[in-house]
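Record features (TrEMBL):
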type     : residues : note
DOMAIN   : 54-298   : domain 'ABC transmembrane type-2'
TRANSMEM : 104-128  : transmembrane segment
TRANSMEM : 149-171  : transmembrane segment
TRANSMEM : 183-205  : transmembrane segment
TRANSMEM : 217-235  : transmembrane segment
TRANSMEM : 273-297  : transmembrane segment
Amino acid sequence: MDLVKQGQYWGIIAIQDNFTQAIKNKFIEFQTDPATLNASSLHLYLDMTNQQVLFTMQTALINSTEVFLKEILSSLGIDPSIADPPIIIEKPVYGSLAPKFVNFAAPGMMISIIFFLAIGLTGLLFVVEKKEGLLERTWITGVTTIELMFAHIIVKFFIQIIQVILLLTFTDYIFKIEIKGSIFLAAGIIFLQGICGMSYGFLISSLCDEEMEAMQVALGSVFPVLICSGIIWPLEGMPPVMHFISNFTPLTHTVEAMRCIAARSWSFTHFKVWFGFVNASSWSLGFFIIAAIIFAFRK
């Protein structure tokens, strides 16, 4: 127990001295008094601070206990199927019988990574140009704000393509995360979320005059969005208020669409998929228009 308290072990199993006899009394003589039930049980003292480790330990212990009970019943000439739980998990509609947390988190992480990288491409762009006087000189030559922003998007367009290709390559070949749906559909929604990130970077650039201000705004606004978007924690597990708020973030519906493509092999005809594209496009257009208006007023 002291080793668990010191963090060296995740838990211990306490077995009663008369465990074997109690098992026989319970399954052969059908004794169900509290003393027999207590002696025939494994008593676990766990460090339950890590949900994933806890879930893995519980699954392993339950499976091992079931195998042990079947062996005991077989040795006593009793049909071991009596130890089977009254639940039969059939072939999954989607996913596998041994789901992995990484398959749930990976689509959200891909979307958030490309979104954050895209903000970095444009978040400081106009801040630096304003400080060096390049922005004013560009406007004096007759170039409009919209033309300037589109020019930067076109230049960053090719960088964005490289980032998407590298992201999908690392996901598939390095981390071995399977995308069951169309790879082109997955690449499309990731790229579109990158455009959304670039548009948000333009908005940050339009509001800030110093590099430090832009970094603070980017970090201070992005991380709450990541937390509320169901990337790490499922939306169904959020409190009702947070669940409602999560519908109004740039990532939530795009992440859900990416999960549907990667895990369920859904196509563009499904509502969640095409709505994810619409959501990313709407946020991109909204950020772009607001940034252009702010630039126009601050000329």
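Along the chain as shown, residues are numbered 1 onward.
Note that Cβ sites are derived from N, Cα and C of the backbone, with glycine treated the same way.
Please treat TrEMBL annotations as automatic predictions, because they have not gone through curation.
Counting Cβ pairs closer than 8 Å to the transmembrane segment (183-205), the top stretch among 104-128, 149-171, 217-235, 273-297 is 104-128.
Counting Cβ pairs under 8 Å to the transmembrane segment (273-297), the stretch among 104-128, 149-171, 217-235 with the most such contacts is 149-171. With a cut-off of 8 Å between Cβ atoms, the residues of this chain six or more beyond the transmembrane segment (104-128) that come close are 135, 152, 156, 159-160, 163-164, 167-168, 171, 175, 177, 189-191, 193-202, 204-206, 208-211, 213-215, 218, 222, 226, 229-232, 234, 250-251, 254-255, 258-259, 261-263, 295.
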